[in-house]
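Asks: To start, I am sharing the structure in question, which I have written as structure tokens.
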Amino acid sequence: MIKVANIAKNTSYLTLALIIQKVISFSYFVILARFLGLEALGQYYTAIAFTTIFSIFIDLGFTNALTREVAKAQERASEWLASVLAVKLWLAAGTFLVALIVAYFVYDYNLAVLIAVSSLSMVLDSFTSTFFAVARGFHNLKYESVASVIFQLIVLGGGLIVLQLGWPLPALLGAVAFASAFNFLFSGFIVRQRLKLSIRPRWDKERIRKVFTISWPFALYNVFQRLYTYLDSLILGFITGFGQVGIYQIAFKLIFALQFLPMAFTASLYPAMSAYWQSNRDQLKVTLERALNYLIIISLPIIFGIFFLADKIVPLFKAGEEAVWPLRISILALFFIFLNFPVGSLLNACDRQQRNTANMGIVLTLSVILNFILIPRYQAVGASITVLVSNALMLTLGIIGAKGIVKYSAKKNLQVLLKALMAAALMGLVVYWGGKYIHVFAAVILGAITYALALFAVGGIKKADLLSILSSFKRA
């Protein structure tokens, strides 16, 4: 019971921190977009995307492996940590140098400087993730949750100071590096003083061999996931220029911020699915169906609302009409992104991690091909089309994998989808026409009321379902 209570408490810490973190992060993005303009915004996020991809080669799946091995044998935590740190020191130094060399030859001097500053954050964040991975192995997520919020507050505060003083773009990434330095020192302090572990690197050839053996499946998935998430921004900037990256980031950041909803909803889903996989396969199928139904109901009003109000939303970022359709197309992908959370949780909970990795590899390949075909012709719109198609494929592959685990039939989910679509379409019309005559926020409220009433009217949701959705968020 203590372990179950501890898991629930940790989930609550992390979910709350995630929500706060995403609110702060998105608010800061809006400020940056309004102050910098699309060209500078594109340069800023190109540097971050570049170093985020390179960070793969520092971690190589060590974080996941470290958490798992420490959780298995906490008394050997210092030994595992020492070996991982010994490897990471060499990998960090090598990756840092290679990133700078590639940036120097591929980009102009100004962007190379941005990448150099962002590379400092890359190295510090990698060691921070190692320290917090150990804390996770001790079933302690409280400090990591607090640190993630403080990190965003430091970035926000430092960024506002830089913007007010009119300092150049590298100083903004310097604020991120400062926040990363705080996180690095704080996480190291927690491991050393709270967990009473040594943080001195030690080269243990046999243990390091074990680390690589354990971590390679995690590394492969991380490589696919990072490339899938960030490579499109690099391709877009390289082919069309940084202004298009800035346009694309409006849609990217909005979708990224909204993902806290399925994350919070599915936080309690993974342990439940793991338990049902062992003891009750019928309940596992019911759990998947309900999760998909609820996320259909949650996602559709957001999609319809943003789609019809896109021309009212993009001016908040000081962007013009060229940013409207990338946002409209990208927001359609939110449906597939939301539904993939419970499907992905099912695959992981039922020991199908390799299937998830294979799916990500297939989707990454398609994404790269589509980006090189569509971006030269359609620019940011092309990247948005790629996001939509690739996420649809990811969900399709996940559903195929799920059918190999449970006797899943889409019939019940399609019934809910049809009813929710009817309600969302009515809401979309209310929001669209209301936005022409009343304030946009009033139109949103009116649209939300319309959606709820219409959904109840067509039987898309019942009182018991609503209470179940709310309780899922509370459990998270």
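Yeah, the Cβs are placed from backbone N, Cα and C, and that goes for glycine too.
Because TrEMBL annotations are produced automatically, they should be read as predictions rather than curated entries.
Checked TrEMBL, it gives:
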- 12-32: transmembrane segment (TRANSMEM)
- 44-66: transmembrane segment (TRANSMEM)
- 87-107: transmembrane segment (TRANSMEM)
- 113-134: transmembrane segment (TRANSMEM)
- 146-165: transmembrane segment (TRANSMEM)
- 171-191: transmembrane segment (TRANSMEM)
- 250-270: transmembrane segment (TRANSMEM)
- 291-309: transmembrane segment (TRANSMEM)
- 329-350: transmembrane segment (TRANSMEM)
- 357-375: transmembrane segment (TRANSMEM)
- 414-434: transmembrane segment (TRANSMEM)
- 440-461: transmembrane segment (TRANSMEM)
Asks: Any residues 6+ beyond the ends of the transmembrane segment (329-350) with a Cβ under 8 Å from its own?
Replies: 251-252, 254-255, 258-259, 261-263, 265-266, 269-271, 273-274, 277, 284, 288, 291-292, 295-296, 298-300, 302-303, 306-307, 310, 356, 381, 384-385, 387-388, 391-392, 394-395, 398-399, 401-402, 405-406
Asks: Out of 87-107, 146-165, 171-191, 291-309, 414-434, which stretch touches the transmembrane segment (113-134) the most, going by CB pairs under 8 Å?
Replies: 171-191
Asks: Is the transmembrane segment (291-309) in contact with the transmembrane segment (146-165), using at least 3 Cβ pairs under 8 Å (sequence separation of 6 or more) as the test?
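Replies: Answer no, regions not in contact.
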Asks: Six or more residues beyond either end and a Cβ under 8 Å away: which residues meet both conditions relative to the transmembrane segment (171-191)?
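Replies: Counting only partners 6 or more residues beyond its ends, the transmembrane segment (171-191) has Cβ contacts under 8 Å with 32, 44, 47-48, 81, 114, 117-118, 120-121, 124-125, 127-128, 131-132, 134-135, 143-144, 147, 150-152, 154-155, 157-159, 161-163, 197, 199.
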Asks: Looking only at residues six or more beyond either end of the transmembrane segment (291-309), which have a C-beta under 8 A from one in the stretch?
Replies: 254, 258, 261-262, 265-266, 269, 327-328, 331-332, 334-335, 338-339, 341-343, 412-413, 416-417, 420-421, 423-425, 427-428, 431-432, 435, 440, 443-444, 447-448, 451, 455, 460-461, 465, 468-469, 472
